[in-house]
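Enquirer: Attaching a single structure in structure tokens format; questions to follow.
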Amino acid sequence: MYHQNWHNMTSNKKTRNKKQGLRTAQWTEKMNVNPDELGDYFEGDIMATNDIKRNVLSDDCEYANWHWWSDGVIPIVVDGDFDEKGHEHIQQAINEFKKRTCIEFKDRTDEDNYVKISSDYSGCWSEIGRKGGEQKMNLQIPECLGKGVIIHQLMHAAGFSHEHTRSDRDNYVEINWENIQEGAKRNFKKTELNCSDFDIPYDYDSIMHSSAYAGAVHDHVKTIIPLKDPNVKIGQRERLSDLDVMKINVMYNCSSMSYNQVM
């Protein structure tokens with residue numbers, strides 16, 4: 001019975017991942033959404049157990065303090081079938097952190113805790129924060145290989161959730177629930193507390209903010225409407241914003257470390 005259940009679970013997971021891959025493969029640059037917003041994982045692109053989902057949604061302070069990486073060092077193994085250009089894009093994303101923060105993504109040697117970057121046909125996604133042992137991040141080729149998409153996933157691996165799910169988000173954006181796909185509504189739940197915001201202001205320009213049309217039923221109607229300026233662009237996948245950098249540097253206590261910050 002155990003083996004049958006395990007086989008069924010494995011088969012269901014493979015089927016689900018293939019669906020994510022197919023959906024992501026339909027993405028083009030002309031679309032109003034980012035490729036990382038097309039997944040059916042937790043908040044769209046976070047691979048998480050039920051316990052981690054509860055901790056993220058509750059913004060559990062004890063969990064938040066536990067799942068940061070020691071000294072901001074995150075060992076990685078690039079295991080996917082990336083060509084030279086793919087490796088170049090991954091390195092460009094890593095360099096963004098190196099230039100502006102104290103987080104260091106380094107090649108794994110013998111560290112027990114590390115991030116394995118794959119290129120499976122399952123979309124753009126990452127586990128969140130330091131899980132312990134090997135944890136995974138996936139960059140489907142070629143849709144997930146934009147520099148900003150890679151930065152977004154590395155931010156998840158470093159422990160950051162999405163900006164639009166902050167506990168104070170209703171002061172800054174309106175969620176158009178009527179235009180959100182039924183299966184995507186869970187991706188717009190707010191966290192209950194603000195332990196992981198570090199008193200950093202809400203950031204429309206954050207690389208962790210979803211686009212205005214994420215999860216839309218009608219792709220020409222917004223699902224996230226900025227309140228301060230309805231025309232401001234949200235959901236950029238180009239670079240860390242200044243407030244992203246500030247949050248990283250506060251969270252990882254970068255002021256006490258030596259790093260080369262370029263604003």
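Just so it is clear, glycine is given a Cβ too, placed from its N, Cα and C backbone atoms.
A TrEMBL annotation is a machine prediction, not a hand-curated record.
Look at TrEMBL and you will find H152, H156, H162 tagged as Zn(2+) binding site. What TrEMBL lists as compositional bias 'Polar residues' is 1-12. Taken from TrEMBL, the feature domain 'Peptidase M12A' covers 55-255. The region 'Disordered' annotation in TrEMBL covers 1-24.
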Enquirer: CB neighbours of H156 (Zn(2+) binding site) within 10 A?
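Expert: Excluding its own Cβ, H156 (Zn(2+) binding site) sees 25 Cβ atoms within 10 Å.
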Enquirer: Just checking, which of H152, H162 (binding-site residues) has the fewest C-beta atoms within 10 Å of its C-beta?
Expert: H162
Enquirer: For the domain 'Peptidase M12A' (55-255), what's the model's average pLDDT?
Expert: 93
Enquirer: Would you list, in sequence order, the residues of this chain other than H152, H156, H162 that have their CB within 8 A of the centroid of the site's CB atoms, where the site is the one recorded for Zn(2+)?
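Expert: Checked against the 8 Å cutoff, the neighbours are D36, E43, D45, I46, S126, Q153, M155, F160, S161, I207, M208.
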Enquirer: State the three-class DSSP label for H156 (Zn(2+) binding site), counting H, G and I as helix, E and B as strand, and everything else as coil.
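Expert: DSSP call for H156 (Zn(2+) binding site): helix.
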